[in-house]
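> Straight out of TrEMBL:
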BINDING   73-78, 107-111, 131-132, 144, 153  NAD(+) binding site
BINDING   186, 283, 299  Zn(2+) binding site
DOMAIN    70-181  domain '3-dehydroquinate synthase N-terminal'
DOMAIN    183-241  domain '3-dehydroquinate synthase C-terminal'
DOMAIN    276-358  domain '3-dehydroquinate synthase C-terminal'
Ligand SMILES: NC(=O)c1ccc[n+]([C@@H]2O[C@H](COP(=O)([O-])OP(=O)(O)OC[C@H]3O[C@@H](n4cnc5c(N)ncnc54)[C@H](O)[C@@H]3O)[C@@H](O)[C@H]2O)c1
Ligand SMILES: O=C(O)C(=O)C[C@@H](O)[C@H](O)[C@H](O)COP(=O)(O)O
Ligand SMILES: [Zn+2]
């Protein structure tokens, strides 16, 4: 069965989820296209060659050049050097504004490919064919593209939407289970910020089915995650805040300008809706962990820890009760995702200051004010930040062991 989810931004597009949907790439590439660049990681070399053959077969009646741009696996592709390599290939092959970039891989690959498409000739069409759970439920949808710099995660990029997204569930069978779990962290995020039925499903069925790449349960969770992402970005594509979307996120932003914090010194901002920033739940600390650990920690693992952190922070500000904090630990650890962290806080605090939600000197965190309802906590005091971090220590913590 193929599920079609519409992303209703100003240039709407569909996300297709199902077995074998990558065969539909030809229909998204368009008729006036002369060249296609498929950006893929090393691990998908053979599958990318197959994707190319299928595309050429479907378009056999006309001239089409399909170039394979192999990039390093994972986060090692999200840097200026690899970006430059992609630009060089596009230049050499005469890529024009009517040609198409295809991101074929996980979130790291589609973030890079999207930024290649956003920057080449100031913007060419692109399609994502996502191959990881994390990519399907999150990275491939919504048009955030970019790379890392030495200073931090995703610090250079652009909003540039794909013209379509294909989530081929057949591709998940080769995905290492640690990667699958990492992707589920973003699904759990969607459960806490917007759709608690996700949490109920995970809690109700047991992890066997959830972690089985061929299960109907996983397919359902992927579709639910995409719906949250699609509806959230539809209301606030460029993360300017507000736009009380269907998920009723509340907090900062809105009419008073996106960074008009309504309260300082650790207050929950209060306005008409936090819009897209809700999707950053757990990411302030999570991105800092990724950077400090030189990207040896998976994105989903880092944000798993980050979600427990902001749950602790919200609890210390009287926003949520201890049971809801514990629910974070329970659901994430049931998926063998990390909920503890050891190590120094100061470098993480320094990295968090470069988070994109920061305004001036004021750190801003996405927190829950209830299950399924987010707000922004602006400028919490440093002691509370440290106390919440201390709560991440494992019961018998030794440095480096509590992951
Ligand atoms: N743009 C966004 O909105 C957005 C949203 C969430 C995450 N992200 C970004 O996405 C990235 C994480 O994405 P990810 O978890 O997909 O990681 P990833 O792209 O690094 O992929 C994980 C690993 O799995 C390999 N892989 C990919 N597909 C495979 C398959 N089908 N079979 C076997 N191996 C496969 C990759 O080569 C890589 O080594 C991070 O850089 C994160 O910042 C972006
Ligand atoms: O789509 C969004 O918006 C998100 O915040 C989704 C996140 O899961 C994702 O990791 C995103 O790349 C983070 O964006 P950033 O702006 O904090 O770099
Ligand atoms: Zn993320």
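Keep in mind that glycine also has a Cβ here, set from the backbone N, Cα and C atoms.
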> Quick check: in three-state DSSP terms, what is residue 132 (NAD(+) binding site)?
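Note: residue 132 (NAD(+) binding site) is coil by DSSP, not helix or strand.
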> Show, in sequence order, which residues other than 186, 283, 299 on the same chain lie with their Cβ within 8 Å of the centre of the Cβ atoms of the Zn(2+) site.
134, 138, 185, 189, 282, 286, 300, 302, 303, 306
> Could you tally the C-beta atoms, other than its own, that fall within 10 angstroms of the C-beta of residue 283 (Zn(2+) binding site)?
27
> Please count the residues of the domain '3-dehydroquinate synthase C-terminal' (183-241) that DSSP assigns to helix (H, G, I), strand (E, B) and coil.
44 helix, 0 strand, 15 coil
> Taking Cα atoms as reference points, which of the binding-site residues 186, 283, 299 is nearest to residue 73 (NAD(+) binding site)?
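Nearest by Cα distance to residue 73 (NAD(+) binding site): 299.
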> Sort the binding-site residues 186, 283, 299 by C-alpha distance from residue 109 (NAD(+) binding site) and give me just the closest.
299
> Considering the binding-site residues 109, 132, which residue's Cβ sits among the greatest number of other Cβ atoms within 10 Å?
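By the 10 Å Cβ neighbour count, 109 comes out on top.
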> Here are some binding-site residues: 153, 299. Which one has the most Cβ atoms within 10 Å of its Cβ?
299
> Within the chain of residue 77 (NAD(+) binding site), which residues six or more apart in sequence place their C-beta under 8 angstroms from its C-beta?
41, 71, 108, 109, 112
> Using CB under 6 Å from any atom of ligand 1, narrow the binding-site residues 107, 111, 283 to the ones that qualify.
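Going through 107, 111, 283 in sequence order, those close to ligand 1 turn out to be 107, 111.
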> Of 186, 283, 299, which is closest to residue 75 (NAD(+) binding site) if I measure between C-alpha atoms? They're all binding-site residues.
299
> Measure from the Cβ of residue 75 (NAD(+) binding site) and count the other Cβ atoms within 10 Å, all protein chains considered.
22
> Just jot down the residues in the same chain as residue 111 (NAD(+) binding site), at least 6 apart in sequence, with C-beta under 8 A of its C-beta; none if empty.
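Once residues fewer than 6 apart are set aside, residue 111 (NAD(+) binding site) is near 78, 103, 139, 144, 145, 146, 147, 154, 157.
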